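Peer 1: I'd like to ask some things about the structure below.
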Amino acid sequence: MSSYHALSEAEAVEYARGIPNLFTPGSELTSREIGDGNLNLVFHITEPSTGKSVILKQALPYAKVVGESWPLTLDRARIESEALMIQESLCPDLVPHVFVYDKELALTGMEDLSDHIIMRRGLMEGNRYPLFAGHIGRFLAHTMFFTSDLGMNQQEKKLRVKQFINPELCKITEELIFDDPYRDADTNDIPPAIRDAVEALWNDNELKLEVAILRTGFLTKAQALLHGDLHTGSIFIKPDSTKVIDPEFAYYGPIGFDIGAVFANLLLNFAAQEGWSKDAASREDYRSYLLGTIREVWETFEREFRSLWNEHGTDRMFQTPGYQDWYMQQVLRDTFGYTGSKTVRRVHGLAQVADINKLEDAAAKERAQRIALQIGTGLIKYHRQANSIDELLDIAVKAVR
Ligand code: SR1
Ligand code: MG
């Protein structure tokens with residue numbers, strides 16, 4: 001065991017060499033730091049002679065995206081590795097395998113997924129992933145049902161809530177998603193071309209009331225163990241495989257928050273299609289694919305969650321006729337609201353998305369930002385009335401008419 005310090009590439013190699021039964025003793029290993037996220041170091045260690053490899057992910061004691069002025073707990077490495085292990089026990093094919101967690105170094109050694117690509121990049125390249133909706137719908141249903149009061153012992157669930165108390169990372173979300181975008185905060189990065197639309201949000205009390213209600217849910221509704229940051233940069237993908245990574249924001253929160261993260265990031269790509277697609281026909285076609293994916297994710301999630309409940313439900317009162325329908329409607333309504341909140345924050349808050357920011361054409365970028373704001377605010381304002389996933393898709397379609 002060594003005390004905490006950020007590893008160099010050479011030290012990462014030596015660390016990997018010590019992981020039991022992974023590499024050939026004495027063989028040459030290479031290391032590359034490949035982290036392009038907002039918070040951590042990520043080393044890709046390979047053994048060229050056999051093609052074996054491993055990923056070492058190390059938490060830094062600050063947010064890399066901002067710098068050392070933003071200190072951040074190393075405990076997030078424990079949260080991430082423990083969440084991955086629970087998720088692996090429920091959906092073994094949908095997360096990377098964890099080989100080792102080192103508390104002192106805040107480091108997790110896990111399966112290398114270099115044969116996959118980050119889904120955000122895949123969508124920006126115009127790829128389609130027909131199996132994704134089934135995979136992620138199952139991931140959402142299984143990981144959230146079996147960690148909730150519906151599907152596990154309710155005393156053990158309380159201990160799980162304690163295990164996943166994650167105050168510092170939750171605070172990031174509370175500020176960057178549910179506060180800063182709705183005021184003139186220093187953290188915002190406001191595109192000058194849409195300043196008028198951003199300022200309109202700051203003065204929209206109807207909108208801010210709904211955001212305050214969603215923020216309350218994020219602060220208090222300990223429904224299930226969430227991934228906590230399930231955007232398309234937290235998903236590795238290839239045509240026949242989906243892997244959810246990076247659950248360092250995991251905590252007990254509202255189920256609709258994770259579903260909303262997936263939908264928001266599909267909608268951000270949807271909003272940006274005027275910049276990515278070659279022509280009007282391919283743009284409409286890709287947008288239909290994205291909306292079809294959202295529908296299929298929701299339908300898979302709902303079908304599987306209800307079926308797990310009917311087969312494995314542990315609580316007698318929760319079998320009362322009508323309760324399951326009420327519960328699913330609340331999850332749907334939360335999903336609308338969190339989809340909206342997570343769409344808005346990526347337009348002018350800290351940590352925006354490449355789907356929009358990599359657009360070279362200024363007019364296409366501005367249009368994408370305005371579409372995203374329209375979809376996001378529309379969903380937030382409508383969320384407490386929502387009754388069907390079709391209404392979410394309608395709000396998206398109307399924003400691009
Ligand atoms: C300071 S961290 C900024 C963002 O990156 C993460 O992926 C989360 O989405 C967080 O809000
Ligand atoms: Mg992340």
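Note: Cβ is positioned from N, Cα and C throughout, glycine not excepted.
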Peer 1: Considering the ATP binding residues Lys57, Glu111, Asp112, Leu113, Asp246, Pro247, Glu248 given in TrEMBL, which of Asn40, Asn265 is annotated for that site as well?
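Peer 2: According to TrEMBL, the candidate sharing the ATP site with Lys57, Glu111, Asp112, Leu113, Asp246, Pro247, Glu248 is Asn40.
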Peer 1: Give the number of CB atoms, excluding that of Lys57 (ATP binding site) itself, located within 10 Å of its CB.
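Peer 2: Counting Cβ neighbours of Lys57 (ATP binding site) within 10 Å gives 24.
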Peer 1: Which residues, sitting 6 or more apart from Arg345 (substrate binding site) on the same chain, put a CB under 8 Å from its CB?
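Peer 2: Those within reach of Arg345 (substrate binding site), by Cβ under 8 Å and sequence separation of 6 or more, are Leu176, Ile177, Asp180, Pro181, Ala351.
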Peer 1: Mind checking which of Asp112, Glu248 has the fewest other CB atoms within 10 A of its CB? They're the binding-site residues.
Peer 2: Asp112
Peer 1: Do you know offhand how many angstrom separate Glu111 (ATP binding site) and Asp229 (substrate binding site) by C-alpha?
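Peer 2: Pair distance, Cα basis, whole Å: 20 Å.
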Peer 1: From the Cα of Asp229 (substrate binding site) across to the Cα of Lys57 (ATP binding site), what is the distance in angstrom?
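Peer 2: Asp229 (substrate binding site) has its Cα 17 Å from the Cα of Lys57 (ATP binding site).
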